[in-house]
Every structure is written in C-alpha cells, then in structure tokens.
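One structure is given below, encoded as structure tokens.
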C-alpha cells in the first residue's frame with residue numbers, strides 16, 4: 001500500500017510540475033492585464049455616473065439604444081458563438097479592440113497618471129496579443145497590423161436629453177471602454193482555456 005501511495009505521489013508531482021509553455025505564459029499575462037483594464041473601466045464608468053446631475057440620469061437608458069463603433073467589428077454575437085470561434089479569431093478581434101483604445105484612451109476624463117497607465121497597459125497588451133497571434137497562426141495566413149481604427153463620436157442620440165456635447169462624448173467613451181474590455185476579457189479567457197483540453201470552457 002505504501003508503495004502505491006508513493007507511486008501516486010510521484011505521478012501527481014510529475015503532472016503538477018509540467019513546464020508552462022511560452023504560449024500559456026503569454027496568455028496568463030494577457031488575461032491578467034485585460035482583467036486590470038476591465039476593473040479600471042468599471043471604476044471610471046461608475047465614478048462618472050455618480051457625478052451626473054439628476055437631469056442627466058435619463059442618459060443611461062438612452063445609451064442602451066446606441067452602439068459602440070466596435071459593435072461593427074465582425075465578432076461573436078453571443079456566448080455560444082464565442083465558444084465556437086477559433087483561438088486565432090478571438091485573438092484577432094481582441095487585438096483590434098485593444099488597438100482602437102490605445103489611441104482613444106488618451107481622451108478619457110481621468111487623472112493624468114491613471115490615464116497614462118491605462119494607455120501604457122493597452123500598449124503592452126497589444127504587443128502581447130500580437131505575439132500570441134503569431135504563435136497561434138499555424139499556417140492560417142498572415143495578420144496585418146496596418147489597419148488602425150480610431151474611435152470617433154457615436155452620433156447624436158443624446159441631443160434630446162439636453163446634455164452638452166462634451167458630457168455626451170465622455171459618457172460614450174466610458175461606457176464603450178467598459179463594454180469592450182469586458183469583451184476582450186471574455187475572448188481571452190475562452191482562448192486561454194482552449195490550451196487545457198480537460199478544462200470546461202463554458203461561459
């Protein structure tokens with residue numbers, strides 16, 4: 001019996017000490033960074049909402065009728081399609097979303113140090129995502145960095161509310177930043193889970 005226990009212990013140690021691949025390491029870093037960005041996005045959005053005046057509260061409901069520019073990207077429409085998407089597709093969409101915000105984050109109304117840190121984290125995440133894309137192409141064709149998409153104003157849906165233009169644009173930036181970081185966190189979490197065949201990647 002002691003020999004059996006010893007053998008099982010050795011086997012368990014062998015399994016748990018399997019070396020982490022470079023792919024897994026990069027995925028862990030990427031997921032950690034986007035989780036941080038998602039938390040910051042939620043914090044900034046919450047602070048901005050709490051700073052609203054009473055007559056600006058209707059903006060919350062009206063925004064639900066609007067769309068972020070990123071909604072026009074070819075991306076999964078629900079959790080089922082997300083789970084069926086390839087790792088490369090999820091990485092590519094995540095890259096495009098982060099690429100957009102690398103520029104637009106400079107216009108977030110936040111403290112200078114906090115805004116600079118967000119932009120820096122986005123740049124680091126973008127670099128990491130490109131490495132992951134290159135590592136997971138498997139002959140699926142090249143990936144071009146040439147199409148940088150910059151976010152622009154989202155329309156005039158809020159004029160009837162009577163809010164000024166700067167408030168409307170700031171609200172849209174915060175709301176879309178939070179929405180897009182949630183998307184990227186979901187996509188990268190699912191893609192990372194695919195590295196573990198035994199794992200349950202259900203959303």
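Placed from the backbone N, Cα and C atoms, the Cβ positions cover glycine too.
According to Swiss-Prot, the disulfide bond annotation covers 68-176 (among others), on the basis of similarity to another entry.
Look at residue 201 (disulfide bond): DSSP puts it in coil. For residue 201 (disulfide bond), the count of additional Cβ atoms within 10 Å of its Cβ stands at 15 [all protein chains shown]. Per Swiss-Prot, disulfide bond is recorded for 193-201 (among others).
Annotation comment: Swiss-Prot describes 18 as pyrrolidone carboxylic acid, evidence class similarity to another entry.
The annotation signal peptide is assigned in Swiss-Prot to 1-17.
Annotation for the disulfide-bonded residues 68, 176, 193: lowest Cβ count within 10 Å of the residue's own Cβ, 193. Across the structure, residue 201 (disulfide bond) and residue 176 (disulfide bond) place their CA atoms 26 angstrom apart.
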